[in-house]
Amino acid sequence: MKRGRLPSSSEDSDDNGSLSTTWSQNSRSQHRRSSCSRHEDRKPSEVFRTDLITAMKLHDSYQLNPDEYYVLADPWRQEWEKGVQVPVSPGTIPQPVARVVSEEKSLMFIRPKKYIVSSGSEPPELGYVDIRTLADSVCRYDLNDMDAAWLELTNEEFKEMGMPELDEYTMERVLEEFEQRCYDNMNHAIETEEGLGIEYDEDVVCDVCQSPDGEDGNEMVFCDKCNICVHQACYGILKVPEGSWLCRTCALGVQPKCLLCPKKGGAMKPTRSGTKWVHVSCALWIPEVSIGSPEKMEPITKVSHIPSSRWALVCSLCNEKFGASIQCSVKNCRTAFHVTCAFDRGLEMKTILAENDEVKFKSYCPKHSSHRKPEESLGKGAAQENGAPECSPRNPLEPFASLEQNREEAHRVSVRKQKLQQLEDEFYTFVNLLDVARALRLPEEVVDFLYQYWKLKRKVNFNKPLITPKKDEEDNLAKREQDVLFRRLQLFTHLRQDLERVRNLTYMVTRREKIKRSVCKVQEQIFNLYTKLLEQERVSGVPSSCSSSSLENMLLFNSPSVGPDAPKIEDLKWHSAFFRKQMGTSLVHSLKKPHKRDPLQNSPGSEGKTLLKQPDLCGRREGMVVPESFLGLEKTFAEARLISAQQKNGVVMPDHGKRRDNRFHCDLIKGDLKDKSFKQSHKPLRSTDVSQRHLDNTRAATSPGVGQSAPGTRKEIVPKCNGSLIKVNYNQTAVKVPTTPASPVKNWGGFRIPKKGERQQQGEAHDGACHQHSDYPYLGLGRVPAKERAKSKLKSDNENDGYVPDVEMSDSESEASEKKCIHTSSTISRRTDIIRRSILAS
């Protein structure tokens, strides 16, 4: 049973090779309708049939011989089911038709310029013209207004004479041909004997050895561009070419300067780098310079071996300090001159071949090279070798001979110039009309008209050519390119120098900043050391006035402030003097009390009256608010003064009070804690408000069980260790050992100004403490029984509601607290002043 279905795809087909239905009528009708919709007026020429492929497919279970079927192993076998392209109506296939098209004479195609390739020395491709050929075909002469006016008049005459008119392009071509032939023939005439060419000059010499003679195998060769004359061996020419020959500089198209002399041009060879050039004669006559290959006479080497003394010589002939000069070979003669300058002035320059095949070069200054004879020179040399003084009788005819020689040279030069000027005046004789007419295929009459006009126009222009010769144009172009490259080289050189200067400046600035940083670090270390020493002296005892003054001066006035808002040094010194005066006054009051035995002065009332005057005066003078963070520091200073007073009275200090470092007090009394039988654990310190903690401490200090104990009572010292409080009992009189405070430099930014309520509470607490303890004795060195000690401890614990304060005061500590209350305002204000001045001074 056949069933119609759409053409199968890769997803519809199964791997088991299921049967495919033929192309049904339904699909055929659909395809035809779609074809008709696409092609309304014409029938389709081809269709895709799938029934042909479907009819060829068989099921796998179909029984056939192996030679009657093919197995489709292609993974893309689904593409077979797309159908076969079958033509339907062969009549609609177009038939080829040919027709003859008439040839159009107009130019149909113009080759764009971008397809014109300049291949250089390579031959152009087929169908293309070399760009140089196109450039040569362009006329180099352009008509001006005068030429156009003359051409108009000439065409009118040609009409009257019945001759064809002359166009502008033909006139330009003829004038260009005249100029080219005139230039070529004139140069040829100058190079020949009739025109005084250099090849036929009898006085010409080699540019290297200055010899006019040539030999077989060592001929004299002339450059066809710069006309220098050199021997083959002198310039390193291995084989003379048959045609023209160019020297190295002309072959490369450069005009360099000699590295050893100021002369331009001549027989030059490059150095090993190829960027610098040296005359061969300069390389031969300067002793330090050598030549790499004697056969090729190049490259010039060992230029760097020339000493600085030779570079510093000034030429006596040209008076220029440029390059390297040589000196006269006569003994005791130091006259210096360039090699090329000596050749130009005709000085005596000898080349002597020694017995050991060594070549010696002898050069003489103008004084010693005036027509010397060989016998005289040999005799003088022998006399100089024998030590005889040099005596050279001067010829009276020498000046006249030199004048005659100069006159002959000037006459020869003038004759040459006259002949060259005559050749330039007779420029028209170097052009042949018949040759020009044949070359351009023009009538002789037309060429003759143009020839007469060309002569007149060139005469008006002072016999100068109307167009620049092509060779000179190329040379000028090469020179311009060389100048551009030289300017770019100078620009890059200056840029390199500027960058080097910037690098040096950057290095120096970096070095300066490093030095400044190291100096600042050293000053900071010195400042910290001075601060530490000052604090240690003030904590340990009474510092000497000299050491205290010197430390303060070094600490506060080490370096003057340079800021616009910084205080003046005079003001800081005045504050420092006032600070020392106040500290000395309070310290004298505290030290004089124990030395006096008067009971009236030792009474609590008198002490309170005497000491209460100072803080009031200081407080009114300063008028500053005392922050809470200074209380611990002031307590430490008050205790230090108390310790110093006890030392004056002979009171024995405990051993554990002498500390050399800033370790916590718990580390120092750890050994004592092990020996104590009474141990009690306390709660850790809670992070409560600072004001609450201060109130608790004040309440503990002013309690009756602690503050009003009899003299001789013994109290427990509770040191602070790692956030917990520990009470330690001592068998002897306990004195509070002040801990070394931290350096104020580290806590400069940690000051907190207390609020208004806290200030009032602190003021009230301090006033109450001061009035309550005003009747206490100064020292309590007796002992308290154990019962009273237990009572006071129990009462203190009950009043604190289970909270243990940071420090519980002993009798000596209570007295220190009195002094702290008395000196609080004055000492804290002075402490604030010194820290503020330290900040400003730094």
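Cβ atoms are placed via backbone N, Cα and C, with glycine included.
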Pick from S211, S703: which one does Swiss-Prot list as phosphoserine?
S703
From the set S293, S743, which residue is assigned the annotation phosphoserine by Swiss-Prot?
S743
Which one of K114, K264, K321, K457 gets the tag SUMO2 cross-link in Swiss-Prot?
K114
When you get a sec, could you say which of 60-80, 270-290, 480-500, 501-521 is annotated region 'Interaction with KAT7/HBO1 and histones' by Swiss-Prot?
60-80
What parts of the chain pack near the zinc finger (255-289), using Cβ distances under 8 Å and only residues at least 6 beyond its ends?
207-210, 226, 228, 230, 234-236, 247-249, 297-303, 305-307, 310, 318, 320, 322-324, 326, 338-341, 343-344, 349, 361, 363, 479, 482
DSSP-wise, what's the residue breakdown of the zinc finger (313-369) into helix, strand and coil?
7 helix, 14 strand, 36 coil
Would you mind splitting the zinc finger (203-253) into helix, strand and coil residue counts from DSSP?
9 helix, 8 strand, 34 coil
In the zinc finger (255-289), how many residues does DSSP put in helix, strand and coil?
6 helix, 10 strand, 19 coil
